[in-house]
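Chemist: One structure is given below, represented as structure tokens, and several questions about it will come after.
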Amino acid sequence: MEPCDLLIHSATQLVTCAGPPGLRRGPAMRELGVIRDGAVAIRGSTIVAVGPGTDVRRRFRASHEIDARGRAVCPGLVDCHTHIVYAGDRVEEFEQRCAGATYQEIMAAGGGILRTMRLTRAATTTELVHAALPRLRQMLSFGTTTAEVKTGYGLERDAELRQLAAIALLDAAQPIELVPTFLAAHAVPPEFTGRADDYIDLVVESMLPLARDWYAVSSFAARAIPLFVDVFCERGAFDVAQSRRVLDAARSLGLPRKAHVDEFVELGGLAMALELGATSVDHLDVTGPSAFTALAASSTVAVLLPLVSLNLGLSHFAAARAMIDAGVAVALSTDANPGSAPSLSLPLTMAIACRYLRMLPAETLIATTVNAAYAIGRGGHVGALMPGMQADLLILAADDYRWLMYELGGMPVAQVIKRGQVVVTNE
């Protein structure tokens, strides 16, 4: 018999999400590779075998075993769009929205992103780390084992670089594997009011090269984890021409690209982002069906963020059903942030996607594992249970994976395993 460090066996459902390399589209988003009475063998941080329990247990002798009888086991979840490094909160603005104020009205009055900017600029790197750690612990308890984290609340050189430094420290301080994104073009800072082009000059000519230089000597680069560059292409933020400058500069620096597009208004940012080879385009709440063919023909992931529409009390959600049926590779994420989506729960995101985006439970799982991993450059490493992949798994407090989406606001995760180690036990 071969030795292994951990053997999880007797799973009522072993949901592998296994399949050929690459994004899942259309019917493939419903193929979960479920094994009844399944087992997973782990050596170090890597999966070495997946299959029927009798086969795997006959082959491996384990230092430690977990009996998953009566449980479903699935890949760790991937949250591919978050803004969790910031100072302060927006509790008062929440009440303003309850009284009828819109997101755009609050932002125009100096709130929203700009309020968080002021508090984040005043915070030290250590303070940002201490503020974000409890958020990451909560994400982990909900089953997130890999997460993208953006800057974008500094909106000036030093504060944006402090956010990058905080992300690196957070990556080393807790189990969730982080992927950094530089989002200096998140909003026009107040000192550049009426001069958005001048701010883009600063981002392109100074901030992006500094971010690239920071990344080159970072622990992320040493592990081949990418640094993405993102831009908020939206009315009241940056127009298509300004957004193009940011993404074009990122391409020139050899950095992969993302874009917030079509959240409130279709400006043409989606076509621009596809032209520039964006890894993902995020939000797409008002994207019309005429764009789906080009999106489906691309290698770009459509990252949908339904908690934003829910939290803002909007009547429309991204057209996920039509996108999937058209062959678009769809991912889901929390968009965890202090204003438009103050939630850290991917299971809640999946539950809302089933109810309001007309996605099937299996599709939401692929959208938060395989496709989400590709949306942040981690496809083939995390997001599925296959030999050679990182041993990131969830043992659910139920015998059916659909409890992840069925229960609204619950805690369906019994144990979280990251890189072969049990890091959370919720029971």
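Note that Cβ sites are derived from N, Cα and C of the backbone, with glycine treated the same way.
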Chemist: R90, H186, E263, S340 bind 4-imidazolone-5-propanoate according to Swiss-Prot; which of Y153, Y374, Y401, Y406 goes with them?
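Modeler: Among Y153, Y374, Y401, Y406, only Y153 appears alongside R90, H186, E263, S340 as 4-imidazolone-5-propanoate-binding in Swiss-Prot.
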Chemist: Among D5, D158, D335, which residue does Swiss-Prot annotate as binding Fe(3+) at the site that also has H81, H83, H260?
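Modeler: Among D5, D158, D335, only D335 appears alongside H81, H83, H260 as Fe(3+)-binding in Swiss-Prot.
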Chemist: Return the residues near R90 (4-imidazolone-5-propanoate binding site), defined as same-chain residues 6+ apart in sequence whose C-beta is under 8 angstroms from its C-beta, sorted by sequence, else 'none'.
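Modeler: Listed in sequence order: G111, G112, R115, T116, P338, G339, P342.
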Chemist: Looking at the binding-site residues Y153, H186, E263, N337, S340, whose Cα is closest in space to that of H83 (Fe(3+) binding site)?
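Modeler: Closest candidate to H83 (Fe(3+) binding site), judged by Cα separation, is N337.
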Chemist: To the nearest whole angstrom, what is the C-alpha distance linking E263 (4-imidazolone-5-propanoate binding site) and D335 (Fe(3+) binding site)?
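Modeler: Just about 12 Å between their Cα atoms.
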Chemist: If I restrict to non-local contacts, at least six residues apart, and a C-beta distance under 8 angstroms, what lies near D335 (Fe(3+) binding site) in its own chain?
Modeler: H81, T82, H83, D282, L305, L307, V308, A341
